[in-house]
Amino acid sequence: MHLSLLKAKIHRATVTHSELNYEGSIAIDGLLLEATGIREFEQVHIWDVTNGARFSTYAIRAEEGSGIISLNGGAARHVQVGDLIIVAAFAGMSEDEAKTFKPNLVYVDAHNAISHTNHSIPTQAA
């Protein structure tokens, strides 16, 4: 069996730019790409916490340490500057690989600087 598991996520990043006339993508601060292991041109899912929009695009690198999270092209129509988003990437793997796999979870502050990282999500309580 082939499974698709969460590979990485950037949790509650703040959209800094929305560029409708730029070639489609999401530009992400290079430090965040490195911390998550998301590769340039990799497909990512965007979940807008502010307005509920959900869509996919591909990642491109923004300047390291810039805090840039820029939705470009058609994706810019789904967000506004200041929206909080989750950026997620998934990876395919076998059931055996999935048994030991741990995702790279990156949590950011209001300026999109890394506040902490983890490899698991706490159990949700009632």
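Glycine is treated like the rest: Cβ placed from N, Cα and C.
As the structure is a computational prediction, the values presented were derived from the model and not from experiment.
Taken from Swiss-Prot, the feature active site, schiff-base intermediate with substrate applies to SER25. Sequence-distant neighbours of SER25 (active site, schiff-base intermediate with substrate) (same chain, 6+ apart, CB under 8 A from its CB) are THR57, TYR58, ALA59, ILE60, ASN72, GLY73, ALA75.
Swiss-Prot lists SER25 with the feature pyruvic acid (Ser). Classification of SER25 (active site, schiff-base intermediate with substrate) by DSSP places it within a strand.
Marked as substrate binding site by Swiss-Prot: THR57, GLY73, GLY74, ALA75. In three-state terms derived from DSSP, THR57 (substrate binding site) belongs to an extended strand segment.
Marked as active site, proton donor by Swiss-Prot: TYR58. Its Cβ taken as reference, TYR58 (active site, proton donor) is surrounded by 15 other Cβ atoms within 10 Å in the chains shown.
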Other C-beta atoms that fall within 10 angstroms of the C-beta of ALA75 (substrate binding site): 22
Which listed residue (GLY73, GLY74) has most other Cβ within 10 Å, given these are binding-site residues: GLY73
